[in-house]
Ligand SMILES: C[S@@+](CC[C@H](N)C(=O)[O-])C[C@H]1O[C@@H](n2cnc3c(N)ncnc32)[C@H](O)[C@@H]1O
């Protein structure tokens, strides 16, 4: 288990935020995405399509929305939900259907799994939180079997015609919702700044290509504020 002492700067800050917001994470997500988050998680689970009887990893599982959906959708697949926040995992384990998922404490920077262990990997909102995007995706490439699929849900830096409106909404509305719904403006100000500074889907696709992924694609959602990306590990 990674301790606060071995975790590095940004990682310690991110771990602290998710420990703190775990209790109202689902509620805030529902409000911020106008209820769409669960639908995107269903799409992520549908797109990963692991072989029957296979192994699926949901990384940064948080309160387990994608992992639980995958376990429901693929009853013959072993689903592992991994996260480094003990509090988020505690909430996931308390949900209906949680017994169908293996919950594991893990840091995405150093995955505690052998090479080529999984037929598919899903993740929601991990990448913008990590210090070393390339290193974290390299770890996922390592534990994925050749031909296995990776499906990523992420927030997207605003672009195009809606950019000024989205920027304003994220800077003003999101921290305000954090204040009203969760009494926590600071944690949700972090969301705005981490999204603004984060890589575009093209940027993530470039890293994936460089690591040996193929058949890379993506679809933006919710006025371009969220994106679902997919890629296959070359055989
Ligand atoms: C915004 S939540 C997303 C949870 C879930 N995937 C969803 O879509 O609702 C991000 C999660 O990533 C986890 N996380 C961030 N950095 C991590 C790391 N380096 N290793 C493991 N988990 C990490 C946090 O603890 C948190 O639970």
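Residue 1 is the first one shown; counting continues down the chain.
Backbone N, Cα and C define each Cβ position, glycine as well.
In TrEMBL, annotation is done automatically, which means it is predicted and not curated.
Annotation source TrEMBL lists S-adenosyl-L-methionine binding site at 63, 83, 107, 108.
TrEMBL feature annotations superimposed on the structure.
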residue	record	Cβ within 10 Å
63	S-adenosyl-L-methionine binding site	25
83	S-adenosyl-L-methionine binding site	27
107	S-adenosyl-L-methionine binding site	19
108	S-adenosyl-L-methionine binding site	22
Name the secondary structure element type, per DSSP in three states, that contains residue 63 (S-adenosyl-L-methionine binding site).
coil
